[in-house]
Amino acid sequence: MQPAVSLIAGAVLSALLCSSAIAAETSANADGLTDRAARGNLVEPGGARRLAGDQTTALKASLSDKTAKNVILLIGDGMGDSEITAARNYAEGAGGYFKGIDALPLTGQYTHYSLDRKTHKPDYVTDSAASATAWATGVKTYNGALGVDVNGKDQPTLLEIAKAAGKATGNVSTAELQDATPAALVSHVISRKCYGPEETSEKCAANALENGGRGSITEQLLKTRADVTLGGGAKSFNQLAKSGEWQGKSLKDQAAAQGYQWVSNADELQAVTLANQQKPLLGLFADGNMPVRWLGPKASYHGNLDKPAVTCENNPARTAATPTLAAMTEKAIALLKDNPNGFFLQVEGASIDKQDHAANPCGQIGETVDLDEAVQKALAFARADGNTLVIVTADHAHASQIVSADAKAPGLTQKLTTKDGAPMTLSYGNSEEESQGHTGTQLRVAAYGPHAANVVGLTDQTDLFFTMRDAMGIK
């Protein structure tokens with residue numbers, strides 16, 4: 001019997017050692033999927049390589065088609081490939097990488113055109129309203145529309161569908177909560193400009209409560225009743241309802257009467273311990289958009305030639321009382337995960353776009369860094385949870401381009417000193433107006449978790465709706 005026992009013990013030990021070796025190899029390969037820093041000295045052969053080795057096994061191991069209990073969608077508004085690259089160069093260096101944005105293992109590109117309202121033909125440069133409606137509803141629409149198709153017909157949003165399925169829902173943005181990206185999840189209006197009752201009566205009369213419509217974006221936000229809603233836009237809640245049971249009362253008073261928890265600074269946000277349909281959380285941390293992370297000079301004509309390279313500075317207006325996007329994301333996840341049915345959460349870094357419009361490199365770069373930190377929070381939760389799909393993408397591409405440091409560009413330029421100590425010039429040149437414009441270049445979309453493979457290759461922005469809905473197994 002002793003030899004047999006020895007053989008069995010040896011076989012078990014061999015299996016354990018083999019299992020450990022496979023686990024170690026898988027772990028190392030998994031690390032190779034997330035750590036994308038250059039591996040050595042950039043001047044040496046292979047020094048700029050980002051791959052540690054073959055990643056086939058690790059990619060196979062990352063694939064899963066099980067139902068996702070939770071979905072977290074993170075949007076960089078205006079975050080095209082140029083914006084990602086510029087921010088990475090500045091903050092991490094040419095051989096560095098973002099530990100959130102660059103750490104998702106499965107990556108693709110998607111198209112994001114909208115439709116012309118009259119001809120129904122493609123409009124190759126979308127706005128944030130049409131693009132957010134595309135992933136929120138799976139339907140193409142015209143620029144400016146929120147939650148409606150090209151004919152103005154209401155379309156159910158993913159947040160509404162997830163809520164009806166019993167999931168917790170969250171909506172987080174650094175913009176006004178009435179702005180296009182957050183508004184597309186919770187409202188159905190023919191124009192994105194209809195923030196409150198006053199604008200709606202003037203610009204979206206058919207949507208106004210007094211005309212039998214659903215009401216303004218802010219009124220619909222309250223009625224949709226996500227469990228967690230965080231961002232800016234407090235001033236619109238001061239408007240008075242013009243019709244219905246709340247006529248003559250402010251929307252802030254209406255929120256209180258409907259049981260919302262209202263918080264306005266970082267300490268109050270952290271003190272919240274519960275958010276659900278009985279006590280939904282409404283965090284409003286600015287009258288308008290929330291303050292950006294970094295400040296610096298705007299680009300100007302031949303600014304890279306006439307002015308010295310700059311280093312971005314912290315924005316003194318963003319005090320400790322203002323929660324960061326990462327802090328809002330982390331808190332939203334902590335509150336939403338208590339729902340046994342899971343949750344759907346959208347997070348937007350809004351001012352990449354707004355600072356790109358303003359030709360402000362430091363503002364734009366700082367907001368991209370902010371989004372990356374939020375992505376890191378989402379990924380940390382998803383890795384620990386094992387049942388969460390995380391997707392990172394943008395709504396449209398934008399104006400900024402990286403050009404030669406001393407280029408004589410026809411547009412507006414500014415030179416910055418990157419983490420490498422090297423000069424980098426950003427150029428903005430697609431508009432003679434005060435505001436730079438969007439562009440129609442396809443966008444990066446990356447994912448981690450169950451059903452992440454569905455972002456690989458070329459997809460369309462509307463595919464994102466079906467990918468997220470089907471991953472959660474809801475209809």
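Note that Cβ sites are derived from N, Cα and C of the backbone, with glycine treated the same way.
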Inset, instruction - Check Swiss-Prot: it lists Asp353, His357 as binding Zn(2+) 1. Then name which of His438, His451 it lists for that same site. - result: His438
Inset, instruction - Taking Swiss-Prot at its word that Asp395, His396 bind Zn(2+) 2, choose the one of Asp65, Asp77, Asp81, Asp102 listed for that site. - result: Asp77
Legend entry - Which listed residue (Cys194, Cys204, Cys362) has most other Cβ within 10 Å, given these are disulfide-bonded residues: Cys194
Inset, instruction - For Asp179 (Mg(2+) binding site), name the DSSP secondary structure in the helix/strand/coil scheme. - result: coil
Legend entry - Chain-internal residues near His438 (Zn(2+) 1 binding site), provided their CB is under 8 angstroms and they sit 6+ positions away: Gly78, Val125, Thr126, Asp127, His396, Ala397, His398, Ala399
Legend entry - Cys204, Cys312, Asp353, His357 filtered to the recorded positions whose C-alpha is within 10 Å of Thr181 (Mg(2+) binding site): none
Inset, instruction - Report the nearest neighbour of His357 (Zn(2+) 1 binding site) in space among the recorded positions Asp77, Cys194, Cys312, comparing Cα positions. - result: Asp77
Legend entry - Inter-residue Cα distance where the pair is Asp77 (Mg(2+) binding site) and Asp353 (Zn(2+) 1 binding site), in Å: 5
